[in-house]
Amino acid sequence: MSDVRVIIQRDSEREEHVVTTGTTAGELFPGQRTVVAARIGGELKDLSYELRDGESVEPVEISSEDGLNILRHSTAHVMAQAVQELFPEAKLGIGPPVKDGFYYDFDVEKPFTPEDLKAIEKKMQEIQKRGQKFSRRVVSDEAAREELANEPYKLELIGIKGSASSDDGADVEVGGGELTIYDNLDPKTGDLCWKDLCRGPHLPTTRFIPAFKLMRNAAAYWRGSEKNPMLQRIYGTAWPTKDELKAHLEFLEEAAKRDHRKLGNELDLFSFPDEIGPGLAVFHPKGGVIRRAMEDYSRRRHEEEGYEFVYSPHATKGKLFEKSGHLDWYADGMYPPMQLDDGVDYYLKPMNCPMHNLIFDARGRSYRELPLRLFEFGTVYRYEKSGVVHGLTRSRGFTQDDAHIYCTKEQMAEELDRTLTFVLNLLRDYGLTDFYLELSTKDPEKYVGSDETWEEATETLRQVAEKQGLPLVPDPGGAAFYGPKISVQCKDAIGRTWQMSTVQLDFNLPERFDLEYTGPDGSKQRPVMIHRALFGSIERFFAVLLEHYAGAFPVWLAPVQAVGIPIGDTHIPYLQEFAAKARKQGLRVDVDASSDRMQKKIRNQQKNKVPFMIIAGDEDMANGAVSFRYRDGSQENGIPVDEAIAKIAKAVEDRVQV
């Protein structure tokens, strides 16, 4: 047997090893059970891969991003095997890893029940304990079709080999190269237990799956298209240790308590009536108060920052979106056209930028007017598939706090710096503080403009981002075709990351709209265009804040800032006078004059997450005072009425949490 020289690569360290022909990647890491795969030549491989001379081998740890995906994809296979053992008629769809877990789609006669999921999980535990081996083999298209003749969805995937998409998870099954099937083999006899079409890689055996749990099932269209059959999807999660699984389940429990859809209903903030349709919210009075407070503060800060407010209609002729290019590259995300005015196509707008360009171009512009900062609370409509619509965070109609800045090339760096600073400071005003930035750079296969322009703009964005002193994460190739961007990523109270604001350069629209201004020398010049959505959308930001605060908004955003709680009915008029006086100062104060007992009134307002309860009895009335009860149950007695009102007003002014 000849020698094979390989290099083990760990971070910046390289070790050369001499092994014999036939040595597998796994044999380089004996006893290291946290190593679940290897990266060889930039590609992920099973540990059973036989090494070749000169190859560089990087171990893949189970806790790494790639390792977690392999763990979860392997667990999805175990789940699919369990389903087919319990439900032999089930046909296999797709089973990819996803964030924090995995899923698999099945074609079955009737939906899975909670009892079914328990039985499937129990069967999975049995399979895991058997230690079945994941074994890869290459097959021809013809052989794959023959082996999987009873799996119609797999046959469809074989047919799209080379064009499978990551959007629907099909790329975990087939790629552009050879087809592979993974066999689950009995560790003692080598007999075939189950098989699936899959690109891999996978764990060495099912015993490498330390901890998993099935979470729920739901209906899902095959490959995400409403034109396709409805399948049953089972979601699960898998982790490197039982402790990590436990922590994740506790996190999910807390996240469920904070779910904005649940809180929106409990606190009477908004709803999604069936009569209107999915992804289209109506805000109730209390939700409207919060939203107005959010918008009013944002409007004031924008005015201070030199933005000019504009308004544009909700619909427009299709010609505008032909000019902007939206009908070329965004048509699937737009609502179908309405034919009006003798057959002219009109569209609900998916974006505000084309209309802002028309405002810029409505008359001649001079360099003296720049930078021109146009701002709009503009409602847009995007046709999201019903399967991805999710409350206020992914909806079909929403209002963007949308700004477009037009400036000279010389002003670009300062304007980007000013914009990003403003964005971060305004988000901090709403109580978000834990940020990092993401810099999305050019996709070399898809961009407009010169390389020189892209390099200069990207470097300017990098410098602007680094000035903020926040972590900067590269997103190579992640930019839209028309320019690089900075995204503000924010962590909420329980550590979840939300993409918030974007600051986006655009080299495309000024060309398409032939935007010009007159320079100092009288020549016509092209402005630099910056897109900037600070909240993303009002609705989505509302949901983020609702979950961040778990419904207990800071005083300035709370729909009701204080509620009067009378000890007895005789104290109601006194508290009503207090409330009227407070309302004259712009405070939102109510009185609970219901027939409920005092303790129930307190419990009700605790559930409503009201910042202050103002309690009054005989002694308070005699002294012209009230008592404060806070959210944490603590109480402060004998506060004079004027001082109490000033205390609430101060909390509003300072935007503090109580």
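Cβ atoms here come from the backbone N, Cα and C positions, even for glycine.
Going through CYS353, CYS490 against TrEMBL, the one listed in the Zn(2+) site together with HIS404, HIS531 turns out to be CYS353.
Listed in sequence order, SER324, ASP402, HIS404, ASP506, LEU509, HIS531 are the same-chain residues six or more apart from CYS353 (Zn(2+) binding site) with CB atoms under 8 A from its CB.
All chains included, 25 other C-beta atoms sit within 10 angstroms of the C-beta of HIS404 (Zn(2+) binding site). Secondary structure counts, DSSP: the domain 'TGS' (1-61) has 4 helix, 33 strand, 24 coil. The number of other CB atoms found within 10 A of the CB of HIS531 (Zn(2+) binding site), across every protein chain shown, is 22.
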